[in-house]
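> Attaching a single structure in structure tokens format; questions to follow.
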Amino acid sequence: MKAGIVGLPNVGKSTLFNSLSNAKAQSANFPFCTIEPNLGVVNVPDPRLQKLEELVNPERVLPATVEIVDIAGLVKGASKGEGLGNQFLGNIRETDAILHVLRCFDDDNVVHVDGKINPLNDKETIDIELQLKDLETVEKKIEKTKRAAKTGQKEAQKEYAILEKLKEGLEAGKSVRAIDIDEDDRAEFVTPLQFITDKPVLYICNVDENSAVNGNAYVEQIKEAVKDENAEVLVLAVGIEADIAELEDFEERQMFLEDIGLEEAGASKLIRTAYRLLNQQTYFTAGVKEVRAWTVKVGATAPEAAGVIHTDFQKGFIRAEVIAYEDFVKYGSEAKVKEAGKLSVEGKEYIVKDGDIMNFRFNV
Ligand code: GDP
């Protein structure tokens, strides 16, 4: 799972990236690792892992992770190749979700590219670049579909109509995710085209320290503007969060957070929100060698969950032994869960639930 940070220059993208990469609160076993200067892996915070660690006492604990890429350099004109525009847009295409940072803080010392603070305008500037790119995609597809539609092929006509609707929407400044299209048609004709503005988006309102808890007027504008989009809005004081993330000591960090009225670090909140946005859930494997959290789509079947570990597990899937997290905690060990008759043996149709502790049987 990969999320890309976008936004105009000077809104706090790299500060956010650094605060995530510094999030020492995460785990000593699997610290954030920076793969490239703008690419990092961050742990999905999950208190259930600690509980499982206590009960199983494994050699190691591995949390689920999300890859974060800082996509700097999006500016007005990027879709026409200005700056390093096209390259950056290519990077965005590879992500599963977009973290769109908006400057919602006043600070005369930090220059704004347009000279004044207006997060709504900023959002539009970025959106327009992304929409223009998607417009190119849809226009190409329309060219290809045209002939088949003209010769009267029913399916092609339907597709053509949907593409036209997308084109109109994009031209009117709408993102693909906000264009009203029937769910089945979307799955058939829209999703395969991998539009940038169809990706789930999380708007991160970067506020000053004093607005970290309740937001401010800029945040309200953004919330109002995106209410028809399938999007989430998160208020973060990125600057102060970055300072806090640098502190070595957990207690100290917690104290500073409480000082500004927060219960948990922004990094944790952000990752959890992104997870929800992407419709992901967690299942666990819990052996003496390793306790580990795995990421799987809500609604995934047992073989699909096995496939997250290894494609061979999915291909050769026979069955899964499943324990609900609550039962594991209640009875304290796999053996005791079995004794209590709470271990269930599930087949190919089983739909994985969040927190399931799974053990797969498979042919190789
Ligand atoms: P980027 O160009 O979007 O990556 O922006 P940066 O992260 O480099 O931030 C630009 C400038 O804004 C830097 O000087 C940061 O220290 C400052 N900055 C970032 N976040 C905040 C914030 O929440 N409040 C204030 N006052 N300054 C911030």
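Each position is counted from 1, following the chain as shown.
Backbone N, Cα and C define each Cβ position, glycine as well.
Pasting the relevant annotations from TrEMBL:
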DOMAIN    1-256  domain 'OBG-type G'
BINDING   ASN10, VAL11, GLY12, LYS13, SER14, THR15  ATP binding site
COILED    128-173  coiled coil
DOMAIN    279-362  domain 'TGS'
> Taking the mean position of the Cβ atoms of ASN10, VAL11, GLY12, LYS13, SER14, THR15 as the ATP site, which residues outside that list, in the same chain, have a Cβ no more than 8 Å away, listed in sequence order?
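For the ATP site, the extra neighbours are GLY7, PRO9, LEU16, VAL101, ARG103, ASN206, VAL238.
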> Counting other Cβ atoms within 10 Å of each residue's Cβ, which of the binding-site residues ASN10, VAL11, GLY12 comes out lowest?
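Comparing Cβ neighbour counts within 10 Å for the binding-site residues ASN10, VAL11, GLY12 gives ASN10.
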> Per-residue pLDDT averaged over the domain 'TGS' (279-362) comes to what?
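Here the predicted model's pLDDT, averaged over the domain 'TGS' (279-362), is 96.
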> Including all protein chains shown, what's the count of other C-beta atoms within 10 A of the C-beta of LYS13 (ATP binding site)?
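Counting Cβ neighbours of LYS13 (ATP binding site) within 10 Å gives 26.
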> For the domain 'TGS' (279-362), jot down how many residues DSSP puts in helix, in strand and in coil.
26 helix, 33 strand, 25 coil
> Around THR15 (ATP binding site), which residues of its chain at least 6 apart sit with Cβ under 8 Å of its Cβ?
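Non-local contacts for THR15 (ATP binding site): VAL238, GLY239, ALA242.
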> With an 8 Å cut-off on Cβ-Cβ distance and a minimum sequence separation of at least 6, pull the same-chain contacts of SER14 (ATP binding site), or say none.
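Looking at Cβ-Cβ distances below 8 Å from SER14 (ATP binding site), excluding near sequence neighbours, one finds ASP70, ALA72.
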